[in-house]
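Residues or ranges marked as topological domain 'Extracellular' in Swiss-Prot (evidence: sequence analysis): 1-37, 88-111, 167-208, 271-283. Here Swiss-Prot flags Asn17, Asn101, Asn277 as N-linked glycosylation site. If you look up Swiss-Prot, you'll see 38-58, 67-87, 112-132, 146-166, 209-229, 250-270, 284-304 marked as transmembrane segment, on the strength of sequence analysis. The topological domain 'Cytoplasmic' annotation in Swiss-Prot covers 59-66, 133-145, 230-249, 305-324. The annotation disulfide bond is assigned in Swiss-Prot to Cys109-Cys201 on the grounds of sequence analysis.
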Amino acid sequence: MPRTPSYTNTKTTQVNNVTEITVFILLGFTDDVDMNIFLFILFLAIYVVTLIGNLGLVVLVIEDSRLHNPMYYFLTVLSSLDACFSSVLTPKMLVNFLSKNKSISFAGCATQMLLFVTFGTTECFLLAAMAYDRYLAIYSPLLYAVRMSPRVYVPLIIASYTGGILHATIHTVATFSLSFCGSNEIRHVFCDIPPLLALSCSDTHLNQLLLFYCAGSIELITILIVLVSYGFVLLAILKINSAEGRRKIFSTCGAHLTGVSIFHGTILFMYVRPSSNYTLEQDMVVSTFYTIVIPMLNPIIYSLRNKDVKEAMRKLLKRKLVHE
């Protein structure tokens, strides 16, 4: 559907005869009212399921003492990240689906980018740390408690957040140091980096290189950690004679590998490509998938085949029903 130019809430500032934009318009998926109502209902349902699933998993780990080990502590942090990740973007999207005023301030756009890149990058590092945790638990189970003590997993979690904050700060500062003096319409549902670079009237060549090499380096390092960790896990599996033992390991590791594959696959598609291959409409759908849909899927992926989580869930529900 062709779009009509949006002039509402187009605030600009005149600086040295150059009009600087102070408010952006998030165009979203479509102008069709009925489709926007459908999208509102769909994304509201996804958001509710995301919060219930992720926060429910956090409560489950806190409540059940059998889940008090590093593997589930990492899972708790991942669930908290996913709840925050979704909450940074979804509420504004929901408002825009039903509103004619789809504006977001310059500062609001920068804040949104800073937060979602922080949570997204932190999740990359955390998934690598979780793979390393699985390697230690399976390859050297007798030394697991020592090698993955609080003195190890707490710094890993802190390092993941630190890396996420640093990466997000670099891109947010680099992006919002550019000049925006033409159209203020962002062809996206949130303030992502590629559509903002496309909107800038400055030379964005260095920004594109920064995005490619920073995102590419993080992807390369974290995926390499995952592959090496699971290489050792595979060696450990080959040494196990028990079919039941192998099934248990595949059940635990399969969930993590599924989550890693989906997350990193979409990240690679989004950010580690030549700029000539970018299609903003296509990227909008893909980025919405990894920022909105994946946080909903993670609790399902990590708990669906996990006997300990399902047993803890049954016990918690039973206890609640008895008290009622």
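Even glycines carry a Cβ here, placed using N, Cα and C.
Distribution of Swiss-Prot features across the structure.
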residue : record                      : Cβ within 10 Å
Asn101  : N-linked glycosylation site : 11
Cys109  : disulfide bond              : 23
Cys201  : disulfide bond              : 15
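Using a cut-off of 8 Å between Cβ atoms, the transmembrane segment (284-304) and the transmembrane segment (209-229) share fewer than three residue pairs, counting only pairs 6 or more apart in sequence. Asn101 (N-linked glycosylation site) sits 15 Å from Cys109 (disulfide bond), taking the C-alpha atoms as the reference points.
Mapped onto three states, the DSSP output places Cys109 (disulfide bond) in helix. Proximity of the transmembrane segment (146-166) to the transmembrane segment (250-270) is not established, fewer than 3 Cβ-Cβ distances being under 8 Å for residue pairs spaced 6 or more apart.
Contact between the transmembrane segment (112-132) and the transmembrane segment (250-270) is present: at least three CB pairs lie under 8 Å, with pairs separated by 6 or more positions in sequence. Panel annotation: around the transmembrane segment (67-87), residues 47, 50-51, 53-55, 57-58, 60-61, 115-116, 119-120, 122-123, 126-127, 129-130, 133-134, 137, 148, 153, 157, 160, 252, 291-292, 294-296, 298-299, 302, 308-309, 312 of the same chain, lying at least six beyond its termini, place a Cβ under 8 Å from a Cβ of the stretch. Residues 131, 134-135, 138-139, 257 of the same chain lie 6 or more positions beyond the ends of the topological domain 'Cytoplasmic' (230-249) yet place their CB under 8 Å from a CB of it. Sequence-distant contacts of the topological domain 'Extracellular' (88-111), counting only residues of its own chain at least 6 positions beyond either end whose CB sits under 8 Å from a CB of the stretch, comprise 6, 8-9, 21-28, 36-37, 39-40, 43-44, 46-47, 50, 119, 172, 175-176, 186, 189-191, 196, 291-292. Long-range contacts of the topological domain 'Cytoplasmic' (133-145) within the same chain, counting only residues at least 6 positions beyond its ends with a Cβ under 8 Å from a Cβ of the stretch, are 70-71, 74, 153, 229-230, 232-233, 235-237, 249, 252-253, 256.
The list of residues near the topological domain 'Cytoplasmic' (59-66) in space but at least 6 beyond its ends in sequence, with Cβ under 8 angstroms from a Cβ of it, reads 72-73, 75-76, 308-309, 311-313, 315-316.
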